[in-house]
Amino acid sequence: MPISFAGILGGSCTLMGTSTNLIVNSLAQEYGAERLGFFEFAIYGLCFLVIGIVYMVFASKFLPKTKPEEIDSEYGLDSLVATVEIAPDSKLIGKRIEDTIFYGDKDLSVLKLIREDNVINEPGRYISLREEDKLIVMCDFENLVKLSEQEEFIIHDSKLKTTEKTNEDNQDKAELNKPKTTYAELLLLPGSILLGKTLTDLRNYSLRGATPIAIKKRKNLRNTKERLIRKDFNDINLKPGDRILIETSDKSLSEIDTIENVAVIDRHDFVNSASKQKRITAFIIFLLVVGLAASGVLTILASAITGVALMLGTKCLDLNNTYKKIDWQIIFLLAGMIPLGVAMSNSGADMWISENLIAIMVGKGDVFVLGLIFLVTMLLSGTISNNATAIIMLPIAISVANGLGLSLKPFILAIMFAANFSFFTPVGYQTNTLIYGLGIYKFKHFLIVGGILSVILWVCATLLLSTLL
């Protein structure tokens with residue numbers, strides 16, 4: 001929760017920080033307001049960020065102290081288990097386990113070492129590695145990919161690692177020609193035809209067109225020796241609730257998805273790590289985009305399009321992968337909500353609402369009017385998305401400001417900040433929804449901890465923005 005709140009408050013410091021800021025700025029110009037500068041309201045955003053940090057230092061003491069181990073046990077988020085072989089030319093040959101990446105990393109553990117026909121259960125840190133040693137390791141998908149990218153290792157029964165060394169140009173050409181590889185996690189449900197089988201069985205005949213490369217048992221493998229330590233990795237019988245990481249193609253994955261009582265619960269479209277040159281190029285392009293937008297040489301839209309074009313032109317981005325990363329839910333949400341705001345303006349609904357609000361606010365003072373607009377926007381943002389709230393409330397706020405003969409800027413900034421400050425529910429902002437979905441926090445934690453923060457920021461924002469009236 002503190003990370004989520006910090007992300008929201010940090011994004012409120014610049015025009016490019018959140019999509020809400022961009023939407024409000026764009027719509028405000030259509031209503032006759034001046035375009036906001038990149039850092040024009042940064043001082044207010046930084047004030048709110050400092051207030052939020054100070055508050056969360058004390059409020060975090062009242063949040064649940066759930067340990068990662070407890071979460072893993074409750075939701076079955078145990079790590080993947082895979083076989084990693086020491087390559088013939090590996091620099092790790094002769095080194096002790098304690099001197100390698102397998103020691104000291106809580107997210108990467110060696111459960112078993114297979115050397116020729118000998119099996120070493122729970123190998124000690126002083127054991128020296130030899131060529132063709134096979135290590136049964138437990139890690140997550142990201143660490144498994146990192147291991148596969150290093151020349152010192154070979155991931156068994158997987159094409160994650162290619163043995164041929166190619167230069168960057170040949171590698172780029174090869175990537176364009178090779179079929180797309182997909183990695184997916186399968187969950188075995190009761191009644192599945194795969195239950196009772198081993199990974200060896202799956203590789204031989206059960207999963208055509210797919211290569212199982214790792215398993216994830218329902219219970220913690222570290223504490224269940226019968227499941228792994230006393231049995232060969234490939235001979236572990238699969239049970240309901242077990243997960244299998246497979247390497248396959250899109251076509252084969254579609255066929256696997258039709259198998260009864262086998263659910264495809266996650267999918268990883270593997271992309272090789274970019275070369276050092278591409279990483280540097282991408283970083284330079286990023287700085288260029290921010291610099292062009294911040295300096296006003298180009299609009300944010302023009303600078304963003306320029307950045308995308310440069311990323312594609314330098315092959316830092318793949319067009320197909322970029323297309324898949326587009327969040328179409330947000331696109332369609334905006335496509336539906338923006339016409340709603342226009343309809344409110346064309347039909348006079350915003351004027352009718354603003355006139356009634358003005359009648360209520362007569363004699364209440366300008367600060368009261370600004371605070372009420374901020375509060376209504378913030379409460380509405382807690383029930384629907386922040387972008388939709390901004391689109392609905394902006395024309396009303398501008399009409400109220402015009403009706404009272406007040407400056408538009410404080411009302412525009414009020415809508416912008418208030419739409420982002422929906423800390424009191426997990427549904428108003430995407431990061432809050434993501435954190436809530438982890439199961440660590442309950443609705444009451446957002447309502448109490450986030451609600452108090454929202455009230456504090458409402459009061460502070462009203463007082464700060466009132467200086468612009």
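The backbone N, Cα and C atoms fix where each Cβ goes, and this holds for glycine too.
Note that TrEMBL annotation is computational and uncurated.
Bear in mind that the values here come from a model prediction, so they are computed numbers and not experimental data.
Within the chain carrying the transmembrane segment (38-58), a Cβ under 8 angstroms from the stretch's Cβ atoms is held by residues 2, 5-6, 9-10, 12-17, 293-296, 300, 413, 416-417, 421, 452-453, 456-457, 460-461, 464-465, all 6 or more beyond its ends. Here TrEMBL flags 38-58 (among others) as transmembrane segment.
Mean per-residue pLDDT, taken over the domain 'RCK C-terminal' (69-153), amounts to 75. The domain 'RCK C-terminal' annotation in TrEMBL covers 69-153 (among others).
Annotation source TrEMBL lists domain 'RCK C-terminal' at 171-262 (among others).
Residues or ranges marked as transmembrane segment in TrEMBL: 282-306 (among others). If one looks beyond the transmembrane segment (282-306) by at least 6 residues along the same chain, the residues whose Cβ comes under 8 Å of a Cβ in the stretch are 14-16, 22, 37-39, 274, 314, 316.
TrEMBL lists 326-345 (among others) with the feature transmembrane segment.
Residues or ranges marked as transmembrane segment in TrEMBL: 357-380 (among others).
With a cut-off of 8 Å between Cβ atoms, the residues of this chain six or more beyond the transmembrane segment (386-404) that come close are 18-20, 23-24, 27-28, 31, 33, 330, 333-334, 337-338, 340-341, 344-345, 350-351, 353-355, 357-358, 361, 366, 369, 373, 376-377, 380, 411-412, 414-416, 418-420, 422, 428-429. Summarising the annotation, TrEMBL assigns transmembrane segment to 386-404 (among others).
Long-range contacts of the transmembrane segment (411-431) within its own chain (CB-CB distance under 8 A, at least 6 residues past either end) are made by residues 4-5, 7-8, 11-12, 18, 20-21, 24-25, 28, 33, 36, 41, 44-45, 48, 370, 373-375, 377-378, 381-387, 389-390, 393-394, 397-398, 400-401, 441, 443, 446-447, 449-451, 453-454, 457-458, 461-462, 465, 468. Annotation comment: TrEMBL describes 411-431 (among others) as transmembrane segment.
What TrEMBL records for 443-465 (among others) is transmembrane segment.
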I'd like the per-state residue tally for the domain 'RCK C-terminal' (69-153) from DSSP, helix first, then strand, then coil. 19 helix, 28 strand, 38 coil
Do any residues, 6 or more residues outside the transmembrane segment (443-465), come within under 8 Å Cβ-to-Cβ of it, and if so which ones? 1, 5, 44, 47-48, 51-52, 55-56, 59, 62-64, 367, 370-371, 374-375, 378, 410, 413-414, 417-418, 421-426, 432, 436
